[in-house]
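Data first, discussion second: the structure below is written as C-alpha cells.
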C-alpha cells in the first residue's frame, strides 16, 4: 500500500475509533479496565518481569492505576513515559511511588509526567526494560497498532532494540471496541507481542 494511501487510511480509522471511544460509558470503561487489570496481574510475562514501563491513562484509555499499584506491591521497578512535545522523542523515567503521580505536573494532554528539569533514572541507561505496556487507538489480532500519529512508541521500541540484548515484551491494553479487522501499517510501525482485551485468548 502506497504511503499516501496508508496515511489516509490511518486518518480515517483514527477518526472512527475516537468516535467509538467517545461512545463508551465511564462504567463500561471501568468494567473492562478492571477485567484487564486481573488479566495482567495473572499474566506470566508480568509476573516474570522486574522492570516495567506503563502509561498513565488518558480518559479514553484503559485505566492503569491499579496495575501501577500492583507493580510497587510486587517490588518491581516502574517506569512511566516522559514525552517531548516538540518532537517524537520519549523517555521512560522511574516512578518512585504510585502516590507521586498526583504531584507531577500535567501536560497539554492532561497527563501527569515529570517536568523536563526533573532528573530521573531513564530505563535504557540502567539496564533496559522487561515489559512495556502500550496504549493506542486501535489494534488488530496480528499485533498491529494504530497510535495517535506522533510515533513516540515506534521510535522508543527501536531504541530498545539498539540498547538491549533481549527485546522487551510489548503488551497493548485495549477496550474490545478498539479491536479492528486490520490496521493499515507502513515500514515504521512496530508490532506488539500481544494485545490484551476482554475476549483475548489466554496466553
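Note that Cβ sites are derived from N, Cα and C of the backbone, with glycine treated the same way.
These figures come from a predicted structure and were not determined experimentally.
Annotation source TrEMBL lists ATP binding site at 10, 11, 12, 13, 14, 145, 146, 147, 148, 149, 150, 151, 152, 153. Sequence annotations record features per position, and here TrEMBL assigns substrate binding site to 56, 61.
Feature map: annotations from TrEMBL on the structure.
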| residue | record | CB count, 10 Å |
| --- | --- | --- |
| 10 | ATP binding site | 20 |
| 12 | ATP binding site | 11 |
| 14 | ATP binding site | 16 |
| 56 | substrate binding site | 19 |
| 61 | substrate binding site | 20 |
| 146 | ATP binding site | 21 |
| 148 | ATP binding site | 14 |
| 150 | ATP binding site | 13 |
| 152 | ATP binding site | 19 |
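Across the residues annotated as binding ATP (10, 11, 12, 13, 14, 145, 146, 147, 148, 149, 150, 151, 152, 153), the two Cα atoms farthest apart lie 21 Å from each other. Residue 148 (ATP binding site) and residue 61 (substrate binding site) have their C-alpha atoms 12 Å apart, to the nearest angstrom.
Taking only the Cα positions, the spacing between residue 10 (ATP binding site) and residue 56 (substrate binding site) is 24 angstrom. Here the candidates are the binding-site residues 12, 14, 146, 150, 152, and by Cα distance the one nearest residue 56 (substrate binding site) turns out to be 152.
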